[in-house]
Amino acid sequence: MADLEGAFQMSLLHPNLKGVILQYGTAGFRTKAEELDHVMFRMGQLAALRSKKTKSTIGVMVTASHNPEEDNGVKLVDPLGEMLASAWEEYATQLANAEENQLTVILEKIIQEEKIEMHIGAFVVVGRDTRPSSLKLSQTAIDGIISLGSKHKDYGLVTTPQLHYIVCCHNTNQMYGTASVEGYYEKLSKAFLELTKQTPNRTDDHKHLKVDGANGIGALKLKEMENYLQKKLLISLYNDGTAGKLNHLCGADYVKVQQKRPEGIRMMAGERCCSYDGDADRVVYYYYDSASLFHLLDGDKIATLITTFLKELLTKADLHLQVAVVQTAYANGSSTRYLEETMKVEVHCAKTGVKHLHHKAQQFDIGVYFEANGHGTVLFSKDAQKKIQQLVENQNASKEQINAAKLLMNTLNLINQTVGDAISDMLLIEAILALKGMTVQQWDAIYTDLPNRQVKVKVADRRVIDTTDAERRAVSPPGLQEAIDSLVQKYSLSRAFVRPSGTEDVVRVYAEADTQTNADLLAHKVSLAVYKLAGGVGEEPKVVRS
Ligand SMILES: CC(=O)N[C@H]1[C@@H](OP(=O)(O)O)O[C@H](CO)[C@@H](O)[C@@H]1O
Ligand SMILES: [Mg+2]
């Protein structure tokens with residue numbers, strides 16, 4: 001039996017008062033900040049155990065991403081910067097919900113089941129976003145880490161992807177980069193400057209980008225990074241957190257779901273703009289055309305641009321590496337069709353949540369994965385990285401081949417392979433547009449999105465909805481899928497699905513069709529079916545129109 005008396009005494013300072021039942025969801029725990037004190041303490045403890053188990057550095061990130069400012073949350077970062085292994089999510093849920101007197105029993109159970117040797121040293125790195133509640137909650141997580149005799153380093157204010165990067169650096173002997181925020185800026189800016197070296201004719205207009213920082217950590221960190229970019233990117237930063245409220249009427253989630261520009265940003269026709277979310281792990285682009293129509297370039301458009309660029313470079317380098325794209329059910333049907341039919345790329349559909357996409361993408365030489373909401377990255381297998389490196393050094397290769405290999409090398413250095421990263425993705429997009437001499441309108445014109453609509457339905461218990469086929473079909477409650485099928489049939493180019501959210505207490509409905517009116521109508525009719533068949537509460541859903 002491990003000696004957990006000290007840990008138990010410390011836990012009494014962070015009691016489970018509210019008795020709220022929480023689930024380690026799509027991206028960790030998320031709820032009102034005042035309900036999270038005991039959860040943070042226990043996640044600090046779990047991180048210490050995970051560190052002992054894996055004999056590696058583990059990360060604890062305090063953030064609730066795109067949720068309102070009053071919320072908060074926590075996610076654990078595994079050794080190579082990935083999301084916490086799913087087997088441990090169950091432990092997280094048990095610990096978070098345990099009664100005071102059960103805490104030691106559950107810790108003991110995890111130690112035994114995982115055969116954790118408690119004398120092994122542990123090291124946990126901690127980061128937090130800019131929410132007013134984050135400082136105190138991160139200190140509570142540190143208390144939890146200390147309670148199990150583990151060491152820690154507090155990195156303070158960082159974006160989620162910066163913490164993932166730092167964890168990966170610690171566990172790869174700093175081969176991935178230097179384990180600091182400065183190391184992150186240096187690595188990314190060096191790769192960006194190398195890539196844009198080949199575009200000497202870019203005008204200031206081309207270099208100009210407007211960024212909506214969602215009044216969050218991304219804004220703060222982009223300001224810090226700006227000098228490293230040596231004016232090769234001219235950034236106008238809006239919603240930088242000095243006045244507005246985090247994620248309020250701004251940020252990537254707002255722009256994607258509302259399909260409109262954020263408040264607080266001045267936009268002229270044709271200007272390239274982008275929005276980060278609250279912890280800067282997602283980005284979406286947008287612009288107004290000369291007829292004042294709003295155009296959104298979401299994760300699907302980003303995946304397509306990056307895939308096109310990589311395939312062109314691989315052809316020039318004459319490197320035979322398999323590129324695949326991983327999307328979720330939310331991917332616009334036009335993007336999937338374009339990738340499969342025009343680009344002849346293999347496309348896979350994974351369940352919502354980055355961990356699912358990440359795992360699938362690991363199966364290919366180069367796996368490009370993006371959620372439609374702008375969360376994504378590119379993974380290069382070890383073998384692919386080695387082949388690219390060898391070609392850079394190959395004296396028998398042609399000039400064109402070597403140049404393409406160098407561009408690939410800098411591209412992979414610019415990409416944060418640990419997780420989706422708004423700053424890194426933005427820099428890559430900017431470099432690609434520069435290298436291809438492409439405007440945002442030309443990028444947008446690669447394919448035309450099918451009109452779509454996302455809505456939420458409140459039900460008594462969203463767990464009554466069970467899905468299959470990467471969440472594209474509902475298997476319960478009875479009759480729901482049949483109802484959706486018959487509604488979908490009434491429209492052309494149509495598709496619809498429903499699933500319980502993993503981060504909010506709602507059922508999400510997605511519909512697409514040939515026109516916006518039809519997508520809106522289909523989404524509405526499907527929400528009514530959910531309301532009737534899955535125990536809707538409150539008012540009946542109303543039709544949402546742009
Ligand atoms: C439709 C949608 O955008 N869902 C988001 C949202 O998950 P839900 O399980 O749908 O609530 O938050 C996740 C975490 O940020 C993100 O990975 C996911 O894509
Ligand atoms: Mg986020």
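Cβ from N, Cα, C; glycine included.
TrEMBL does not curate its annotations; it predicts them automatically.
Mg(2+) binding, as stated in TrEMBL, involves D277, D279, D281; the candidate among S65, S486, S492, S494 given for that site is S65.
For D277 (Mg(2+) binding site), the nearest of the binding-site residues E371, N373, P500 in terms of C-alpha separation is N373. Checking each of the recorded positions S65, D279, D281 against E371 (substrate binding site) by C-alpha distance, the shortest gap belongs to D281. In terms of C-beta pairs under 8 Å, the stretch of 51-100, 298-437, 455-526 lying closest in packing to the domain 'Alpha-D-phosphohexomutase alpha/beta/alpha' (122-170) is 51-100. The 6 Å Cβ screen around ligand 1 retains S65, E371, N373, G502 from the recorded positions S65, D281, E371, N373, P500, G502, ordered by sequence position. Those same-chain residues not listed among S65, D277, D279, D281 yet with C-beta within 8 angstroms of the centroid of the Mg(2+) site C-beta atoms are T63, H66, D129, T159, T160, G216, G218, A252, Y276, G278, A280, R282, H375, A422. Cα spacing between D281 (Mg(2+) binding site) and S65 (active site, phosphoserine intermediate): 8 Å, rounded to the nearest whole number. Look at the domain 'Phosphoacetylglucosamine mutase AMG1' (181-284): DSSP puts its residues at 40 helix, 16 strand, 48 coil. With a CB cut-off of under 6 A applied against ligand 2, the recorded positions S65, D277, D281, P500, G502, R508 are reduced to S65, D277, D281.
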